[in-house]
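J.: I am attaching a structure below and will ask some questions about it afterwards.
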């Protein structure tokens, strides 16, 4: 079928078509950018169907079901609309590969999925299937082709709801997806995309523990001989060390030959299975992923006698050396255990996994790659002390490309730093930032003044937050006109957006007065980079004192109502006393440069003239 949308087309004045993904069971599918949601990627399925057409009704039914669902392992609904005779379904874009494609790649190598992988696949699918069944929805097509492995976290995600429907009350209908889960598992284990019974024969061709084999046979029965709670318990209680000791010998199966359909075969005509190569550190109790097949009992017995003979010779000649080696190994193991901390055995993420996580975080913010790179480069320029004009110079050794900034490690660290800063913004500030609406910082000052605060108090609050997330920019530079032209100034503006909101909703602002008292006592907790502002009316010609009880990482500013005079500004000195001879609102700002929350108490006192010492 000819694609109905062209690349670069803007559909419904909103969706910018990026790529034709192909055709699924109902229609053509495209990758697009949602220009109303920070250019987030999404998929659009298009179906051309006349009114009342059966396919069109199925398409609408799928959209209605998706509309009612909200789960992180479902390609969630965004919009459904019609234009002329075409129906459009918009869903979240899931970056990854279908399990059908993953299985196809394995088959080209003469391999399939291991038992441990399929166990995990089943366990990870159970929460989303259970969620569907709570909604009285049967997915109806649990198969490798309708499930994707999401790149960012490796979780299986349901993407095709073509055959989904609400329960109609037919006996066994609530267990249809259990049967589908069993069919999907056997497909991944055997490489048979459309497996057929007898199931025992299929399962005999792969290395499985007896417990998992029996569980699969219960799923594959119709109706399934296991319910949802029992399946969950059985999967969680399967033994972890299930393989026979023959796997320890590291026997190698026959190298598979490639067949026309891409599935490898051994010389015996049976499907091959990947072998296990254990490292010298592996022990007999180590977790083994796959079991090799041995052709017949005779071969096993023969090889066992040979092995036993070799072991006897080794025992006779090397017992002393063996004991010494064991002692050394035990000592080394004990030393290693003594040094290791909990979690040391967690595998490090690959570069690809890290990059995918970073991309997912950036996409969630709705910021283009080019703009994000500009922010990162600006951060590195501040960190490395590089002048912006120098950044624009051309490097003759890179064919005219701009100078690259920092080492790969510095670039990665700055990427994380900028992401953390942007993710600290509220949704409204993020939208304002993504749409380049932050503008001139001075546009907010009239609203700040309505709170009886000046721009310097407001800037103290914003600067504290900005410096917490982006410390490579010196606080002294934040007020300079040159900084307002830098890319990172846009982040400052977005943080100012949030800071103003926190003042106006009075979550970080309070107006105070000494009506019938000479003393005010305040207290609170400051999160890292956070601040509070107070507008205080203090009678003139009186002695006034303030005392802040807080860790040294707290900072305080104290400004008079008028003029450029500064009493305290971002000061680590937490105590002050003196005359307050101006009428109006004095401004108090408390901020934190700590890396953890800190508590504070603030005491404000008026000392009457009669109580002052002569």
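Cβ atoms here come from the backbone N, Cα and C positions, even for glycine.
Note that the structure is predicted; figures quoted are calculated from it, not measured.
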J.: Among the residue ranges 227-255, 256-284, 285-313, I'd like the one that Swiss-Prot describes as region 'Disordered'.
T.: 256-284
J.: Please classify the secondary structure at residue 21 (ATP binding site) using three-state DSSP.
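T.: Residue 21 (ATP binding site) sits in a strand per DSSP.
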J.: Using the Cβ center of 21, 22, 23, 24, 25, 26, 27, 28, 29 as the ATP site position, which other residues in that chain lie within 8 Å, going by their Cβ?
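T.: Output for this site, in sequence order: 45, 46.
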J.: What is the one among the binding-site residues 23, 25, 29 whose Cβ has the most other Cβ atoms less than or equal to 10 Å away?
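T.: Counting every other Cβ within 10 Å of each candidate, the maximum falls on 29.
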J.: I'd like the Cβ neighbour count for residue 44 (site 'Defective ATP-binding'), meaning other Cβ atoms within 10 Å of its Cβ, all protein chains included.
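T.: Here the count is 24.
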J.: Would you mind ranking the binding-site residues 21, 27 by how many other Cβ atoms sit within 10 Å of each Cβ and giving me the lowest?
T.: 21
J.: Which binding-site residues from the set 23, 25, 29 come within 10 angstroms of residue 44 (site 'Defective ATP-binding'), judged by C-alpha positions?
T.: 29
J.: According to DSSP, does residue 27 (ATP binding site) fall in a helix, a strand, or coil?
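T.: The three-state answer is coil.
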